[in-house]
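Here is what Swiss-Prot says about this protein:
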- 125-132, 172-176, 237-240: GTP binding site (BINDING)
- 117-287: domain 'Era-type G' (DOMAIN)
- 318-395: domain 'KH type-2' (DOMAIN)
- 125-132: region 'G1' (REGION)
- 237-240: region 'G4' (REGION)
- 1-53: transit peptide (TRANSIT)
């Protein structure tokens, strides 16, 4: 399969109602995969509804009876259509394989700009410095989950920021850590290094509230080489939390003691300084056509983000080691035009005791988790869904390289 064509795997319906419903013509041998389209649709607002089944194998089963009856009727009325897409983190393609050529652009009514710029940007930094918040601001949509806990991001999340004159493709990477406790940690650092290998320039995000430190060691820990040979911008985040005088001192320190091209202070939470970052990136990106259609916000399909939403709710609801011991897999995603989409999710933990904590007394905790997840999933997809959640024990999954590769760490993500 040619890489340029691999980027075109989409099956448009059903899309978010306010977004483009244009379909790209595909060769007949391609397997369709719904790719997230559109921008500025946030998944943080909660709505009320129903449609959750929570069960842990051989441990807990709780079903809302009315909802089950409704779903059975819907199943009879409309047979389920199951899509099992391959979720890929595609490496940076050759520019001759860019997605849209001049003819295709004319067909789609989007003529190529003579000075159009496009390229890849790796976003690096230590855990909990605001990398994901920054990318969400730049893309205009919540793609990466955000919590107050470090090391929330595990995969290399791709976000696409497009305007008529440019296309910026951003890699949100896991936080760079010094000590790798599990095989999972080393696989996440592999994702960081692969992002650098695909990039045209690099953003290194630092916390303005913390004592300034040289980024050479961080680059060496995360990338394996402090001399990466790419333009580097140091993004000093959380400037809203310190006094202007302190910001000036830290800017001076970083400019003096770090080997970066520029330093820009921002507040990713409020979007302050984000336009300055875009301007800097565009000054470094080469001229070239868009790699993706302009209405696509990420190359990951919807089921990937469904799993991330559930994982975010685990981080919010549970404490200490529990969120870090969980792996969320979307086992089944069935799109049903005349009924609610059916989504089956499994949560893997490493110990029986952890499963008990996830479930809670009489299954109350897992039901709360599933309900919160469903509400955000419905808001994200802009449609009602029926969510089933299972909790299973998979001992030492964080040390199992075969499983980690299957779950998408250190390489491609494959649907289960």
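Placement of Cβ uses the backbone N, Cα and C atoms for every residue, glycine included.
Of all the binding-site residues listed here (128, 173), it is 128 whose C-beta has the fewest other C-beta atoms within 10 angstroms. Remark: secondary structure over the region 'G1' (125-132) totals 2 helix, 1 strand, 5 coil, with classes taken from DSSP. Residue counts of the region 'G4' (237-240) by helix, strand and coil are 2 helix, 1 strand, 1 coil (DSSP-based). According to DSSP, the domain 'KH type-2' (318-395) comprises 33 helix, 27 strand, 18 coil. Using a 10 Å Cβ-Cβ cutoff, residue 125 (GTP binding site) registers 25 neighbours.
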